[in-house]
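J.: As annotated in Swiss-Prot:
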type     : residues                  : note
ACT_SITE : H193                      : active site, proton donor
BINDING  : N9, R20, G194, G215, H216 : 3-amino-2-oxopropyl phosphate binding site
BINDING  : D11, H12, R47, H52, T102  : 1-deoxy-D-xylulose 5-phosphate binding site
SITE     : E153                      : site 'Transition state stabilizer'
Amino acid sequence: MAELLLGVNIDHIATLRNARGTDYPDPVQAAFIAEQAGADGITVHLREDRRHITDRDVRILRQTLHTRMNLEMAVTEEMLAIAVETRPHFCCLVPEKRQEVTTEGGLDVAGQRDKMRDACARLAAAGIQVSLFIDADETQINAAAEVGAPFIEIHTGCYANAETDAEQAKELARIASAATLAARLGLKVNAGHGLTYHNVKAIAALPEMHELNIGHAIIGRAVMTGLKEAVAEMKRLMLEARG
């Protein structure tokens with residue numbers, strides 16, 4: 001069984017920063033801490049509306065990361081140009097709707113083969129490895145192999161959102177079957193979306209999995225497990241100011 005890697009998505013550090021229009025918390029600092037804690041890579045989604053990660057974040061992260069940068073992005077001319085200029089180690093192509101809270105589903109690779117083939121070729125020519133964010137669907141997996149993507153990232157949202165054990169088991173079986181097919185076609189398999197401390201183990205146990213990209217759950221846990229130290233430090237500074 002191959003080594004399983006963790007890509008930490010730091011988008012929500014930027015979400016918190018942008019909520020008040022400040023320069024903190026700094027996604028670059030968060031990336032450094034994540035790397036020190038064992039992250040194998042850092043994932044950021046540069047959305048068209050720049051709601052969290054910014055172009056500046058992407059440039060600085062590319063220059064400062066000690067691990068690998070995975071840039072999630074829509075398949076648009078603007079984003080392709082940014083990727084070719086920035087040259088992250090990986091690009092994960094995702095569908096994007098401006099009104100969505102987070103990415104809601106996988107790419108329709110089968111329905112836009114030429115567009116995906118061109119994007120994969122353009123990124124590969126810049127030395128960037130490409131993954132396609134797709135549902136655990138046989139048609140989409142076959143299409144991903146056809147358009148020349150070396151990686152897929154299986155959308156685990158339906159698994160994560162399953163309301164019963166039976167539903168979750170059904171979704172897990174779909175993901176396992178999809179991963180087996182992808183590996184048979186020569187694709188490397190990543191997964192992500194909605195993975196938490198409570199549901200990650202079953203996905204991590206699948207032998208075909210190469211990397212899991214997880215963000216919201218990690219940042220949410222960090223708010224709690226790091227909160228004691230943050231509160232104590234603030235109180236110390238306040239008392240220090242009073243002499």
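The backbone N, Cα and C atoms fix where each Cβ goes, glycine too.
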J.: Distance check, please: Cα of G215 (3-amino-2-oxopropyl phosphate binding site) against Cα of E153 (site 'Transition state stabilizer'), rounded to an integer number of angstrom.
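T.: Distance between the two Cα atoms comes out at 15 Å.
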J.: Which of these binding-site residues is closest to E153 (site 'Transition state stabilizer') if you go by CA atoms: D11, R20, R47, H52, G194?
T.: G194
J.: Which of the recorded positions R20, H193, G194, H216 has its Cα nearest to the Cα of H12 (1-deoxy-D-xylulose 5-phosphate binding site)?
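T.: Ranked by Cα distance from H12 (1-deoxy-D-xylulose 5-phosphate binding site), first place goes to H216.
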J.: Out of these binding-site residues, G194, G215, which one has the fewest other C-beta atoms within 10 Å of its own C-beta?
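T.: Counting other Cβ atoms within 10 Å of each of the binding-site residues G194, G215 gives the minimum at G194.
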J.: Could you round the CA separation between H52 (1-deoxy-D-xylulose 5-phosphate binding site) and G194 (3-amino-2-oxopropyl phosphate binding site) to a whole angstrom and send it over?
T.: 18
J.: Whose Cβ, among the recorded positions H12, R47, H52, H193, H216, has more other Cβ atoms within 10 Å than any of the rest?
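T.: Most Cβ neighbours within 10 Å: H193.
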J.: Sort out the sequence-distant neighbours of D11 (1-deoxy-D-xylulose 5-phosphate binding site) for me: same chain, 6+ apart, CB within less than 8 Å of its CB, listed by position.
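T.: Correct list: T43, V44, H45, H52, I53, G215.
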J.: Identify, among the recorded positions N9, R20, E153, the residue whose Cβ has the fewest other Cβ atoms within 10 Å in this structure.
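T.: Among the recorded positions N9, R20, E153, the lowest count of other Cβ atoms within 10 Å belongs to R20.
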J.: Rounded to a whole number, how many Å is the Cα of R47 (1-deoxy-D-xylulose 5-phosphate binding site) away from the Cα of R20 (3-amino-2-oxopropyl phosphate binding site)?
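T.: Here the two Cα atoms are 19 Å apart.
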J.: Among N9, R20, G194, G215, H216, recorded 3-amino-2-oxopropyl phosphate binders, what is the largest CA to CA distance in Å?
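T.: Max Cα-Cα spread across the 3-amino-2-oxopropyl phosphate binders: 26 Å.
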J.: Rounded to the nearest angstrom, how far is the Cα of the residue listed as 'active site, proton donor' from the Cα of N9 (3-amino-2-oxopropyl phosphate binding site)?
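T.: Spelling it out, the Cα of N9 (3-amino-2-oxopropyl phosphate binding site) and the Cα of the residue listed as 'active site, proton donor' are 10 Å apart.
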